[in-house]
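Asks: Here's a structure for you.
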């Protein structure tokens, strides 16, 4: 509660908060304008877009389900962004995590409860190791981490779909699908007769864990300090290289676990025909949360709301779902612009000065 | 296996495909090189290509003139580069992040526009778009092996070759090249020397937009004859890796782009004999990373060596001065 109060009274954080709000509203507005341009029945489409979660209870639960993967990728990217790194490797971690979980979910037998947990940990470790790669390339060979991570994302995507196709495929199915998961692998439902699964609680748990980790432990402090000023951190005796490495491992770990949770919670077999690329959603979630894990649920909720709205609208009308990706890009553009942040900050400062000078003249 | 690869590598058809798949990468790599020389990373090349590919198809279908389509495609591509300039240079946004954002806008936006126009999300086959012509070169086409490789390529392949010369001239022979490199080296020094860095950066962005426009139009109106969603397939990102491999020169870009082209063409071949397409599709990207890492490693090594010598030299001079 205290932090919420501080959030709204702290002058320093109010300007970015306003920008965040502005980016959110602007993207909604841009979405509505776009719908009016292309839709034959714009009013209906806008209604479906904005009110989807409240029109059908199915949509409401769907909103909560969508929050799960983007919370994981959002948390993962919060850690990377705390370091001021740009690596997007969490996409590969997430996808490969899902593949690893599929392998463990179909091939081995374990008691229920233990089975998904083992799969998540294994997926997390694999995801973490993948997450290390761009960091190593950057530290050892100064290769730009964004470029190398995007390349690696392609490599791991093809590798993953290779494993599914050649080792785990259910040949009795006509469409591409892995063998069905063992019953013990599936996570229990949270609410009967909906798809809402225990993964939602796991994601919530990780939000708390990562918040504590980043803001209440030594390791988290080292990450934040290294990100804020690597040279200072080095002179302060922080082992910068290993900080960067474990931060990337943890980030990848979160991605891998996210992939595993998605598999065991939502599906009965691996049926992704292409990479869902939740990492891009994670970019927005982390940016809207301003790298602070504690705000991730809020921004994940907002983004899931956009996604569900776009999905519902596209299924009931003539507007393509991809328009969500368009909005995504617009939000990042706004959030990335220093000038826009500064505009709000300056305006605030001017008001403050004006108030002060009036007080003085009185 | 080795026998098969040896057979492929000596066939004229393989090299024909190599040139064909190298051309678009070469064009965007040149674009990445010229902007990087000015000190701005054009991450939006992917988006530029996507918009160019789609615009080219739509306009050529509407006007039934492939050249107007090409022009419109290039226009769209340049527009993306200018928007990147607007955000990165005028609004002081992080250039990499805004580039990535523009790519997202392009990935979603092209599909969105395609669907709104045709009702199809995947492919533009319902649009009667035109294809850029192939050229056969008079004398060269009669040379036995070389003629089969070099002649009969799409016009954009030749444009890519010409672009190498043009970019090389711009960077190394013209006065603007010196200004570009000065801006990339040290913005403050460039400004002190009376150069307007923002204008220089915008100039390089426009050039890279034109190059990416050719590449994008080639993909949808030459390499294939349709726009398909995500047609750029990460080539814009590959270009930014290849740019490093190229070492900031136009001629280096040929080798960097060839690296991708060779593996890409080989992947096409190996796929044909039924050799696990998924793994092979990953090859070009993996090889690009490898090249990227090796080149940065070697360059850093050389740089360190140079610095060491430099310092050793000055130290020696100092010693001499002290002794005297």
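Backbone N, Cα and C define each Cβ position, glycine as well.
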Asks: Which range is it, out of B:138-154, B:155-171, B:172-188, that shows up in TrEMBL as transmembrane segment?
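Replies: Going through B:138-154, B:155-171, B:172-188 one by one, TrEMBL flags B:155-171 as transmembrane segment.
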Asks: So, do the transmembrane segment (B:202-223) and the transmembrane segment (B:96-117) meet, by the test of 3 or more Cβ pairs under 8 Å (sequence gap 6 or more)?
Replies: no
Asks: Restricting to CB pairs under 8 Å, which listed stretch, B:12-36, B:43-62, B:68-89, B:155-171, B:279-298, is in contact most with the transmembrane segment (B:96-117)?
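Replies: Selected stretch: B:43-62, with the most Cβ pairs under 8 Å.
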